[in-house]
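A.B. asks: Summarising the annotation, Swiss-Prot assigns region 'Disordered' to 1-26. Swiss-Prot lists G2 with the feature N-myristoyl glycine. Here Swiss-Prot flags C3 as S-palmitoyl cysteine, drawing on similarity to another entry. Residues or ranges marked as compositional bias 'Basic and acidic residues' in Swiss-Prot: 7-26. For 32-353, the entry in Swiss-Prot reads domain 'G-alpha', with the evidence type sequence analysis. Annotation comment: Swiss-Prot describes 35-48 as region 'G1 motif', evidence class sequence analysis. Marked as GTP binding site by Swiss-Prot on the basis of similarity to another entry: E43, S44, G45, K46, S47, T48, D150, L175, T181, G203, N269, K270, D272, A325. The annotation region 'G2 motif' is assigned in Swiss-Prot to 173-181. Taken from Swiss-Prot, the feature region 'G3 motif' covers 196-205. Sequence annotations record features per position, and here Swiss-Prot assigns region 'G4 motif' to 265-272 based on sequence analysis. The region 'G5 motif' feature in Swiss-Prot is assigned to 323-328; the stated evidence is sequence analysis.
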Amino acid sequence: MGCGMSTEEKEGKARNEEIENQLKRDRMQQRNEIKMLLLGAGESGKSTILKQMKLIHEGGYSRDERESFKEIIFSNTVQSMRVILEAMESLELPLADQRVEYHVQTIFMQPAQIEGDVLPPEVGNAIEALWRDAGVQSCFKRSREYQLNDSARYYFDNIARIAAPDYMPNDQDVLRSRVKTTGITETTFIIGDLTYRMFDVGGQRSERKKWIHCFENVTTILFLVAISEYDQLLFEDETVNRMQEALTLFDSICNSRWFIKTSIILFLNKIDRFKEKLPVSPMKNYFPDYEGGDDYAAACDYILNRFVSLNQHETKQIYTHFTCATDTTQIRFVMAAVNDIIIQENLRLCGLI
């Protein structure tokens with residue numbers, strides 16, 4: 001009698017082989033799938049990086065998608081002017097030209113969320129006239145004393161185009177639009193052989209308790225810091241310096257037991273605003289041990305060292321880049337460098353280098 005395998009045994013062996021093959025496929029896929037967590041304090045530029053990934057790696061925004069940004073851009077623009085006008089009241093700064101006073105009422109009459117495909121002409125005219133006023137400009141220069149959207153000046157400078165009846169948001173308009181991130185958003189894109197799953201979590205303090213759900217099997221952390229905010233206070237706690245908050249947060253992430261083996265890439269972001277601010281808002285006023293005056297390179301080195309020196313693990317390397325998240329050309333270059341870093345890290349973890 002032969003000792004061939006029974007049908008049941010053959011089926012069992014086939015099942016085992018299929019399971020083994022599936023596990024191999026899963027391991028291969030896992031090696032090629034990069035789970036990247038975007039972290040950083042509120043308004044550090046995380047959502048802007050995600051928009052850049054869509055522009056660079058997903059063919060950009062369709063006409064319908066651009067249309068959907070209109071109301072956000074209109075609302076951002078009107079709300080920014082309202083914030084300045086309210087700050088003028090609290091700082092007791094008058095309009096230079098009282099003839100534009102009626103435009104102030106136009107702005108205050110607008111709802112928080114502007115709806116519609118076209119910005120009402122009287123609103124566009126009001127913003128254009130007020131932005132030219134020397135009193136408004138004077139208040140704008142003191143924007144570190146209140147909470148003003150980073151994109152305010154950009155939208156004000158472009159108000160004639162934004163208020164035009166045939167307006168269609170361009171890439172910069174979309175990149176600079178601001179909606180507070182709540183919860184967790186995921187974006188998937190492919191660079192070379194790697195599939196990236198990038199998670200953006202809300203940066204405000206109230207959102208941070210939700211991060212824990214993203215911690216498992218994270219390949220890389222991309223941590224963003226708005227270095228231009230060295231002289232500003234938190235939106236949610238106006239007793240805390242934004243840069244100090246970012247340092248505290250980076251310390252807790254960099255040295256967390258969850259991330260001992262996770263590579264960390266640090267984007268020191270908003271370098272354009274930082275460069276503009278240094279000559280008019282001395283960094284030494286907020287960081288007394290800083291001795292570099294308004295020298296841009298010295299200030300960059302100081303901030304970089306403040307963050308990197310928080311790393312308590314000798315074997316852990318922090319990869320750093322100075323960035324302007326709204327500059328698509330620069331972000332394309334930086335993300336290519338990030339991709340190279342991740343490939344090297346992957347090879348190291350697999351024991352291939």
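Just so it is clear, glycine is given a Cβ too, placed from its N, Cα and C backbone atoms.
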A.B. asks: Once the DSSP letters are reduced so that anything not helix or strand counts as coil, what is T181 (GTP binding site)?
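C.D. replies: Note: T181 (GTP binding site) is coil by DSSP, not helix or strand.
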A.B. asks: With DSSP helix as H/G/I and strand as E/B, how many residues of the region 'G4 motif' (265-272) fall in helix, strand and coil?
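C.D. replies: DSSP classes over the region 'G4 motif' (265-272) add up to 2 helix, 5 strand, 1 coil.
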A.B. asks: For S47, T181, N269, listed as binding-site residues, tell me which one has the smallest number of other Cβ atoms within 10 Å.
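C.D. replies: Looking at the binding-site residues S47, T181, N269, the Cβ with the fewest others within 10 Å is that of T181.
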A.B. asks: Which one of these binding-site residues has the most other Cβ atoms within 10 Å of its own Cβ: E43, D272?
C.D. replies: E43
A.B. asks: Do any residues, 6 or more residues outside the region 'G4 motif' (265-272), come within under 8 Å Cβ-to-Cβ of it, and if so which ones?
C.D. replies: 44-45, 49, 150, 220-229, 250, 300, 303-304, 307-308, 318-327, 334, 338, 341
A.B. asks: Which of the listed binding-site residues (G45, D150) has the least company, meaning the fewest other Cβ atoms within 10 Å of its Cβ?
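C.D. replies: Result for the binding-site residues G45, D150: minimum number of other Cβ atoms within 10 Å at D150.
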A.B. asks: When DSSP states are grouped into helix, strand and coil, how many residues of the region 'G1 motif' (35-48) land in each?
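C.D. replies: Taking each residue of the region 'G1 motif' (35-48) in turn, the totals are 3 helix, 6 strand, 5 coil.
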A.B. asks: Take the region 'G5 motif' (323-328) and count its residues per DSSP category (helix H/G/I, strand E/B, coil), listing them in that order.
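C.D. replies: Grouping H, G, I as helix and E, B as strand yields 1 helix, 0 strand, 5 coil.
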A.B. asks: If I take every residue in the region 'G5 motif' (323-328) and average their pLDDT values, what number comes out?
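C.D. replies: On average, pLDDT over the region 'G5 motif' (323-328) sits at 96.
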